[in-house]
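> From TrEMBL, here are the annotated features:
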type	residues	note
TRANSMEM	B:37-60	transmembrane segment
TRANSMEM	B:81-106	transmembrane segment
TRANSMEM	B:112-129	transmembrane segment
TRANSMEM	B:141-159	transmembrane segment
TRANSMEM	B:179-203	transmembrane segment
TRANSMEM	B:224-247	transmembrane segment
TRANSMEM	B:259-281	transmembrane segment
TRANSMEM	B:316-335	transmembrane segment
TRANSMEM	B:347-365	transmembrane segment
TRANSMEM	B:385-404	transmembrane segment
Amino acid sequence: MMPDVVLRLGFTVLDRQIVDREGNNTGKVDDVEFTWDGKRAPVMTALLTDTAALGPRLSGRLGRFWRTVMQRMRPTSDEPVRVPVEDVEEFSPSTRLRTAAPENAVIVEDWLREHVIGRIPGSGS
Amino acid sequence: MKWLKAFTLGMLTAIGGFLDIGDLVSGSIAGARFGMSLAWVIVLGVVGLMVFTEMSARVTAVSGRATFDLVRERLGARAGLANLLASYLITLLTLSAQIGGIALTLELASGLHHLLWVPVAAVLIWIVLWKLPFERMETSYGLLGTALIVFAVALWLLGPDWGALAADAVSFSPPPDEGWAAWTYYGVALFGSAMTPYTVLFFSSGGVEEKWTVGDLATARVNVFFGLPLGSLLSLAVMACAAVHLAPADVRVTDLSQVALPVISALGELGLVVVLVGFLAATFGASLEAALAAGYSVSQYFGWPWGKSLPPRRAAAFQTVLLLSIVAGALFMLTGVDPIMVTEYSLVLSAAALPLTYLPIFVVANDREYLGERTNSWLTNLLGSVYLVILLVVSVAAIPLMLFTKAGQ
């Protein structure tokens with residue numbers, strides 16, 4: 001559990017770099033998820049990452065354009081990757097996870113590794 | 001001894017790596033048309049570059065993160081994305097100009113048309129980025145770039161009237177046969193070339209690649225405060241060579257061979273060989289830096305793993321951006337656009353976009369969360385604020401000036 005301090009989401013959570021247990025970059029905090037049981041105050045339950053989560057946060061024409069492109073490019077699922085808030089070790093200066101990176105956290109990275117970069121000789125292991 | 005070696009190496013790298021196609025072209029054009037009357041812009045630009053590069057080095061050394069990694073955290077998703085798009089396009093244009101510069105240099109060396117050399121240049125850039133370790137890459141082109149000291153030697157041998165050059169440099173007005181608008185326009189281009197944004201993007205991410213810590217800050221500062229001014233002396237030498245040798249003959253610089261002309265006439269064939277080595281090192285080095293800067297900025301916005309020191313497989317998206325940027329730059333040059341013109345436009349557009357790079361650096365360098373006790377001193381903040389005002393004025397004036405003067409005609 002987080003200690004009892006004021007956490008300003010816009011300042012300390014959103015748009016921060018997410019780093020997994022091994023110290024690898026696994027995307028930015030593109031959005032957050034709130035759960036509300038209808039009675040008590042809403043609680044932040046997860047961080048959303050993956051560029052698809054970014055679309056709705058960009059208003060105007062740029063945001064619409066982003067959403068359209070993302071829908072075209074991601075045929076598999078349009079649900080962004082969730083990181084449960086319990087997995088977060090600390091939020092700032094970067095969001096450190098106590099777990100390995102969630103699956104498909106950076107879907108572009110995996111696809112490009114498999115289909116482009118990994119096929120070029122000398123790409124390492 | 002080891003310290004001394006690192007020091008000399010870093011310094012030579014900073015000097016040799018200072019010049020790129022933008023500095024060569026804009027310095028020479030300005031010298032041939034306006035004599036030394038725009039020399040002060042180079043000085044102004046380099047002091048600004050020192051102030052902001054030091055901030056950037058400090059942020060990287062203390063927080064272990066590249067300055068542009070922090071842009072999105074500070075600006076938010078939307079403004080960050082707008083900044084990224086603008087910076088990326090300008091870096092791409094700069095990369096294209098450098099590829100054009102490599103091709104022009106190889107044309108001078110071989111006599112084969114430069115368009116034939118564009119694909120060769122692109123492939124070479126990619127291979128070096130794919131294979132060569134970071135530090136070896138940086139020092140090789142930096143050391144070879146010191147060949148451009150030949151401009152200073154040539155200037156000496158041309159035996160100019162030093163007093164007249166100095167008087168020209170403090171005249172702060174265009175020569176009688178030139179108008180204020182064109183003079184100001186080239187002033188903006190020179191300022192853009194001295195403060196080119198990709199250099200800072202590259203510098204701070206490079207610091208992360210080399211795993212700088214607070215202990216490396218002293219070396220970085222020495223390079224910034226001595227290497228950059230010494231490098232800018234070469235810029236001034238290029239300008240002075242043009243002022244002494246090209247201006248009296250009323251030569252309008254439209255090609256890289258004219259930039260080299262003063263050196264060739266002072267030093268003959270040997271001068272030509274040395275100057276070509278220098279051109280090649282400068283443009284090739286700048287291509288590597290610009291391509292990396294493009295890859296760094298995109299990857300850092302999206303939070304992907306990035307870096308030349310990672311095996312390519314582990315930074316696949318980053319490597320793809322590098323590859324696509326190089327291909328895009330080469331294709332653009334293959335359309336047959338004039339490399340010198342692309343260079344000029346890249347400088348003026350860089351000038352217009354300067355605040356996008358330097359304002360975030362200034363904001364982050366004042367942030368205690370990242371820097372603790374090492375935030376900007378009052379002096380740095382004073383200087384930085386003055387420069388931000390200058391950057392803003394230059395940025396607002398750049399595009400209208402370009403339209404009004406029909407790109408300096």
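Here the Cβ of each residue, glycine as well, is placed from N, Cα and C on the backbone.
TrEMBL entries are annotated by machine, without manual review.
Describe the structural surroundings of these features, if you would.
Within the chain, the transmembrane segment (B:81-106) has long-range Cβ neighbours (under 8 A, six or more residues past its boundaries) at 20-22, 24, 68, 71, 75, 112, 114-115, 117-118, 120-122, 125, 196-198, 201, 255-256, 276, 279-280, 282-284, 286-287, 290-291, 293-294, 297-298, 301, 325-326, 328-330, 332-333, 337, 339-340, 342-343, 345-346, 349-350, 353, 356-357, 360.
Within its own chain, the transmembrane segment (B:347-365) has Cβ neighbours under 8 Å at 22, 26, 48, 52, 55-56, 58-59, 67-68, 70-71, 74-75, 83, 86-87, 90, 93-94, 185, 188-193, 195-197, 200-201, 371, 375-376, 380, 384, 387-388, 391-392, 394-395, 398-399, 401-402, 407, counting only residues six or more beyond its boundaries.
For the transmembrane segment (B:385-404), same-chain residues at least 6 beyond its ends with a Cβ under 8 Å from one of its own Cβ atoms are 44, 48, 51-52, 181, 184-185, 188, 191-192, 195, 348-349, 351-355, 358-359, 362.
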> Go through the chain and flag residues at least 6 beyond the ends of the transmembrane segment (B:224-247) whose CB is under 8 A from any CB in it; none is fine as an answer.
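That would be 10-11, 13-19, 23-24, 27-33, 35-36, 38-39, 42-43, 45-46, 49-50, 53-54, 57, 148-149, 151-152, 154-155, 158, 160, 165, 168, 193-194, 253, 258-259, 261-263, 265-266.
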> Cβ under 8 Å, sequence separation of at least 6 from the ends of the transmembrane segment (B:112-129): give me the contacting residues as numbers and ranges.
99-100, 102-104, 106, 137, 284, 287-288, 291-292, 308, 322-323, 326-327, 329-330, 333-334, 336, 339
> Under 8 Å between C-beta atoms and at least six residues away from its ends: which parts of the chain pack against the transmembrane segment (B:259-281)?
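Cβ under 8 Å, 6 or more out: 16, 19, 24-25, 28, 101-102, 105-106, 108-109, 141-142, 144-148, 150-151, 153-155, 157-158, 238, 241-242, 244-246, 251, 253.
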> The transmembrane segment (B:316-335): which same-chain residues, six or more beyond its ends, come within Cβ distance under 8 Å?
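Residues packing against the transmembrane segment (B:316-335) from afar: 91-92, 95-96, 99-100, 103, 115, 118-119, 121-122, 125-126, 129-130, 291-292, 294-296, 298-299, 302, 304-307, 310, 342.
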> Other than its close neighbours in sequence, what residues sit by the transmembrane segment (B:179-203), given a CB gap under 8 Å and a spacing of at least six beyond its ends?
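Here the qualifying positions are 20, 22-23, 26-27, 29-30, 33-34, 37-38, 41-42, 44-46, 48-49, 52-53, 56-57, 67-68, 87, 90-91, 94, 173, 232, 235, 289-290, 292-294, 296-297, 344, 347-351, 353-354, 356-358, 361, 391, 394, 397-398, 401-402, 404-405, 407-409.
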